[in-house]
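Peer 1: TrEMBL feature annotations, pasted as is:
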- B:36-74: domain 'RING-type' (DOMAIN)
- B:271-414: domain 'MATH' (DOMAIN)
């Protein structure tokens with residue numbers, strides 16, 4: 001079994017390196033160890049989304065039973081998205097769970113994840129807080145996602161409003177990421193975010 | 001049997017990494033019509049599904065153990081009724097012949113794609129180049145010390161060991177002194193802190209728990225790790241200090257705000273009973289004596305939470321500089337429009353004698369509605385006051401127990417009637 005997994009990953013690796021997405025730079029794949037059981041993926045944030053310009057790192061673990069079971073994938077880069085946990089990076093995507101098919105490859109999975117960034121699915125959320133904001137306050141959601149992309153994924157769009165509020169909490173002695181999570185979760189209401197952290 | 005060999009072969013290739021990958025596994029890339037979508041390899045014992053997709057028999061069997069759908073189009077598949085052997089494809093693949101990837105080195109073998117992996121494993125050209133030397137040389141066991149002799153058999157070496165003891169001893173001696181010099185030099189390179197850290201690390205050895213001291217490399221690595229840890233901890237410490245400083249700043253700001261709020265509360269809820277403590281009285285008095293227009297005003301206090309607001313003025317009487325003058329002044333409030341004007345009520349002063357309470361000076365007056373001092377104030381503090389221009393004799397106040405610890409206390413009670 002393990003033999004099939006390693007062999008197939010090798011072939012996929014070769015195939016993906018020749019693919020136009022890799023050549024065009026929109027996805028990347030790299031090895032983490034020599035047994036081909038762990039890889040590192042990278043997807044570019046799709047254009048016309050808050051993730052545009054960001055680079056998102058993915059942890060890819062290939063189970064011994066691959067391709068009969070899906071690879072285990074999570075975001076290493078922190079991201080604000082209704083189907084990705086803002087805490088652990090865990091992904092809620094059907095093809096990584098019950099809808100996995102052996103004919104899917106790492107390339108198709110990475111492309112699906114890119115598509116997920118373009119079209120979040122708040123009715124099947126991984127992160128309830130993000131999903132709620134996505135549904136009820138799309139403007140704030142876009143701003144928050146863009147801000148996270150700027151801070152964690154190297155996106156070029158600086159959101160000054162967010163930065164200044166995070167700075168305000170930093171001045172109170174709060175950890176930067178904690179401050180950002182609290183502010184993002186409370187729709188950038190400085191008072192409620194502070195209350196939550198100190199209460 | 002054939003299958004087992006194929007398996008062994010690929011296991012042999014895997015650890016060689018990407019080079020092996022490029023040379024062998026990937027040169028064996030099947031055309032897509034001969035490729036199994038599950039293992040991405042040449043179809044082995046191909047089967048075809050009712051939905052028209054081809055797989056290796058073992059691959060689709062494994063897949064359908066956990067799923068009831070085709071891996072490609074998700075159509076329901078049953079192992080029993082939807083899977084058929086595809087002997088046409090099987091024959092096509094078996095008719096293919098491929099060159100051995102080591103043909104460049106001289107291998108002329110041509111095999112079917114399915115047998116290629118098995119062949120690579122046993123191909124005589126698939127050998128590391130160095131291992132092709134047939135001669136065997138046993139090096140002298142003193143080789144690490146510098147002996148260059150080699151032998152064809154173990155016996156010859158034993159003989160050498162017996163005969164050349166003296167030269168081996170010399171080699172050992174040289175090696176030892178070289179090591180000692182290196183060791184001393186590396187010790188000399190260490191700064192005092194490093195030596196100190198090393199001494200600390202050496203301590204457990206003296207207990208006899210460890211028979212040999214760890215090699216120098218490990219020690220330096222440990223020291224480096226410890227230093228890194230120290231730097232991290234110092235950094236964290238500094239961060240914590242900043243956090244603490246921020247928090248204490250906030251706390252003192254809160255304390256000041258709280259005090260201010262308390263004072264305001266006292267003034268608003270005193271119900272017209274105000275105790276005015278004038279601290280640093282001596283200094284203030286001196287200032288008033290120097291400049292007779294200097295006056296002391298108390299903070300504004302309320303007769304009730306939403307009532308009239310008064311302050312008290314103490315100064316040296318302009319008519320007779322031996323006397324203090326004491327007045328009350330109405331002050332503007334946000335509720336002035338709701339109050340009745342002019343103010344009507346009783347005003348009492350007590351100049352508290354802090355040593356002989358029975359000597360405290362008490363005076364009570366009633367407001368006079370005709371006076372400007374009791375009409376609605378037009379300025380923040382009404383310019384007209386009401387009280388005594390000659391309230392108390394200066395010398396009396398200073399000497400006879402009214403001032404204690406440099407504090408003078410005047411109690412005021414204002415009640416509406």
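Positions of Cβ are set from backbone N, Cα and C atoms, glycine also.
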Peer 1: For the domain 'RING-type' (B:36-74), give me same-chain residues lying six or more residues beyond its boundaries with a C-beta closer than 8 angstroms to one of its C-beta atoms, as numbers and ranges.
Peer 2: 3, 28, 30, 81-86, 89-90, 93, 113-114
Peer 1: Could you give the number of helix, strand and coil residues in the domain 'MATH' (B:271-414) as assigned by DSSP?
Peer 2: 25 helix, 60 strand, 59 coil
Peer 1: What is the average pLDDT across the domain 'MATH' (B:271-414)?
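Peer 2: Over the domain 'MATH' (B:271-414), the predicted model scores a mean pLDDT of 91.
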Peer 1: With DSSP as the reference, give the number of residues of the domain 'RING-type' (B:36-74) in helix, strand and coil.
Peer 2: 10 helix, 9 strand, 20 coil
